[in-house]
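Heads up, the thing below is written out as C-alpha cells.
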Amino acid sequence: MDVKHIKDYLSWLYYQYLLITCSYVLEPWEQSIFNTLLLTIIAMVIYSSYIFIPIHVRLAVEFFSRIFGGQHESTVALMS
C-alpha cells in the first residue's frame, strides 16, 4: 500500500471520529480532556470484560448444565 493512501485513510478516520463525537467544536484543551475520559472509559470496559465475562460464562454453563441434566462434577471425576 501507498504511504499517502494510509495517511489519507487515517486522517479520514480521525475526521469521522471528530464528526461522530461532535468534538470538533471543542477547544483543544477540552478535546484532550474528552479524549482522556473516553479512553479511560473504554479501558475500564475492556478490563472489566476481560475479568468478569469468563466468570459469568462459567457460572452460566454450570447453571444450565444442572438444569438440562448434565453430569455432576463427582460423576465426571469418577469417569476419568
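Just so you know, the numbers here start at 1 and follow the chain as drawn.
Cβ coordinates are placed from backbone N, Cα and C, and glycine is handled just like the others.
For reference, Swiss-Prot has these:
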type	residues	note
TOPO_DOM	1-11	topological domain 'Cytoplasmic'
TRANSMEM	12-29	transmembrane segment
TOPO_DOM	30-36	topological domain 'Lumenal'
TRANSMEM	37-57	transmembrane segment
TOPO_DOM	58-80	topological domain 'Cytoplasmic'
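With helix defined as DSSP H, G or I and strand as E or B, the topological domain 'Lumenal' (30-36) counts 7 helix, 0 strand, 0 coil. Within its own chain, the transmembrane segment (12-29) has Cβ neighbours under 8 Å at 35, 38, counting only residues six or more beyond its boundaries. Helix, strand and coil residue tallies for the topological domain 'Cytoplasmic' (1-11), in that order: 9 helix, 0 strand, 2 coil [DSSP].
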